[in-house]
Amino acid sequence: MELDKMVNGHCEKRSEEDGFDCLENMAEREEFLPKKTNDKKETEFTDFVGKTSFGMSIFNLSNAIMGSGILGLAYAMSNTGIILFLILIVLIAILSAYSIHLLLKSAGVVGIRAYEQLGYRAFGSAGKILAACVITVHNIGAMSSYLFIVKMELPAVIKGLLDKEINSEWYVNGGYLIIIVSISIILPLALMRHLGYLGYTSGFSLTCMIFFLISVIYKKFVTLCSLESFSISTNTTDMPPLTTTHTPTNYTHSNTCEAKLITLTPQAAYTIPILAFAFVCHPEVLPIYTELKNPSKKRMQNVANISILAMFVMYLLTAIFGYLTFYGAVNDELLKSYSTDDTLMLCVRLAVLMAVTLTVPVVLFPIRRAVQQLLFPDKPFHWARHIAIAVVLLTLVNILVIFVPDIRDIFGVIGATSAPSLIFILPGIFYIRIVPEEQEPLKSRPKIQAAMFAALGFIFMVMSITSITIQWVAGDSSVRGH
Ligand SMILES: NC(=O)CC[C@H](N)C(=O)O
């Protein structure tokens, strides 16, 4: 793939990533800013011609929303009951769409289509650094959750394929397996200069998740609830063993095959973080807007609303059918609840494994770009730096994943910190700063709404961090007490 050119203030896009780099450079040089018009006509981005159709953009954004979060939703539902979960998922989906409205309106005012650049326009270098750091932390969390699935599910697949009960061999040790997968598959892909086919246009993971959903629904109707076989564990720090029986994490709240409409267990602390994590796609919204054919704010908002609605339906079905299969004994990572002997679930595991493994490099690229921009701005591309950042990041994430006991800890921490920042706080405060006072005074309704939105995100963040910390401390003391 050839390099991009910025010719006479125009971006000639030859690849996804370079397209954004080029746009960013232009935005920083203020050459990309639209001329102020007196009539309130929406800003048109005439310098860059997007070629992606409306339908394809919906597909791309849906793919950006969908990720490992889907595996935690049945667990989230088991801790709040069906009705409370329903209220929360509707709320988060609507707020997520409103957040995209704020991002699109801010981007329309200044003519910028990258999340970090909005930070730059709102608060100068500090804003750009803040946005880049939040995206970096978030993507490291997302990468960790994907690798965590490999750590849990690859041993299950190997056991299923070998068709025997082996627990002590090195090749069913998740820790060793993620190191092998990282070196042999993820690192070579992460070393590519451009994302190419691995970019967000790849629909492979979405297809795998549809297969996963259909299997979860099917399994609900063929699985008898047999809670007698669940081993009850109150130990949250032990590595959950992979056996053919279900091994729920901290399973203390329900031992009946009865769906609870409303309940509130101590683990409900993870529900909002899991939901927030599952709906994050916001750093991808502006790049997808850039690619959209005949772009307008209204058209892109429609893309976002349809994608969020589609993923909302998928998430809700997964949560309901996953919960109604295992009830209170469902695991924080849904796949872990299914037997390793089951051939259908073996195929689902394989599909999900392939999807998440191929997604890790996709999530790594924006981190590397952010690190490069933060630590080595103005430095031209250099292979040594390109490789070194990927190696350091992968090593860090591997160490993290080996030592983290449960995927809910990753969902919890990321969903309580970077996810509310990306969805609520940053879009809210960027909007207030970027939309000029002449257009919307500080006390105008949209700006007050945006301020309340950012405040709500802050409240979610503080509430989630506090309740998860309490949950950890209580969990630790209960472990010590045993
Ligand atoms: N890539 C990401 O931002 C991870 C969040 C994504 N919504 C998920 O559920 O996995």
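Backbone N, Cα and C define each Cβ position, glycine as well.
The domain 'Amino acid transporter transmembrane' annotation in TrEMBL covers 51-467.
Panel annotation: around the transmembrane segment (54-75), residues 89, 142, 145-146, 148-149, 200-203, 205-206, 209, 212, 267, 270, 274-275, 277-281, 284-285, 288, 291-293, 299-300, 302-304, 306-308, 310-311, 314-315, 318-319, 321-323, 325-326, 330-335, 337, 352, 356, 359, 407-408, 411 of the same chain, lying at least six beyond its termini, place a Cβ under 8 Å from a Cβ of the stretch. The feature transmembrane segment is assigned by TrEMBL to 54-75 (among others).
Per TrEMBL, transmembrane segment is recorded for 82-104 (among others).
Summarising the annotation, TrEMBL assigns transmembrane segment to 129-149 (among others).
Taken from TrEMBL, the feature transmembrane segment covers 170-191 (among others).
Marked as transmembrane segment by TrEMBL: 197-218 (among others).
With a threshold of 8 Å between CB atoms, the same-chain residues lying at least 6 positions outside the transmembrane segment (303-323) that come near it are 54, 57-58, 61-62, 65-66, 69-70, 73-74, 76-78, 82, 85-86, 89-90, 93, 96-97, 100, 104, 209-210, 212-213, 216-217, 219-220, 259, 278-279, 281, 285, 288, 292, 330, 334, 337. Among the features that TrEMBL reports, transmembrane segment is placed at 303-323 (among others).
Sequence annotations record features per position, and here TrEMBL assigns transmembrane segment to 343-365 (among others).
Cβ atoms under 8 Å from those of the transmembrane segment (386-404) belong to residues 140, 143-144, 147-148, 151, 175, 178-179, 182, 186-187, 190-191, 193, 364, 367-368, 371-372, 410 of the same chain, restricted to positions at least 6 beyond its ends. Taken from TrEMBL, the feature transmembrane segment applies to 386-404 (among others).
Through the fold, the transmembrane segment (410-432) approaches residues 69, 72, 95-96, 99-100, 102-103, 105-106, 115, 118-119, 121-122, 127, 130-131, 134-135, 137-138, 141-142, 144-145, 148, 269-270, 272-277, 279-280, 282-283, 332, 404, 442, 446-447, 450-451, 453-458, 460-461, 464-465, 468 of its own chain, all at least 6 residues removed from its boundaries and within a Cβ separation under 8 Å. Sequence annotations record features per position, and here TrEMBL assigns transmembrane segment to 410-432 (among others).
The transmembrane segment feature in TrEMBL is assigned to 453-474 (among others).
Residues 17, 67-68, 71, 139, 142-143, 146-147, 149-150, 153-154, 156-157, 160-161, 181, 185-186, 189-190, 192, 195, 198-200, 202, 204-205, 208-209, 211-212, 215, 218-219, 335, 390, 393-394 of the same chain sit 6 or more residues outside the transmembrane segment (343-365) yet have a Cβ under 8 Å from a Cβ within it. Sequence-distant contacts of the transmembrane segment (170-191) (same chain, six or more residues past either end, CB-CB distance under 8 Å): 147, 150-152, 154-155, 158-159, 198, 242, 357-358, 360-361, 364-365, 386-387, 390-391, 394, 398, 401-402.
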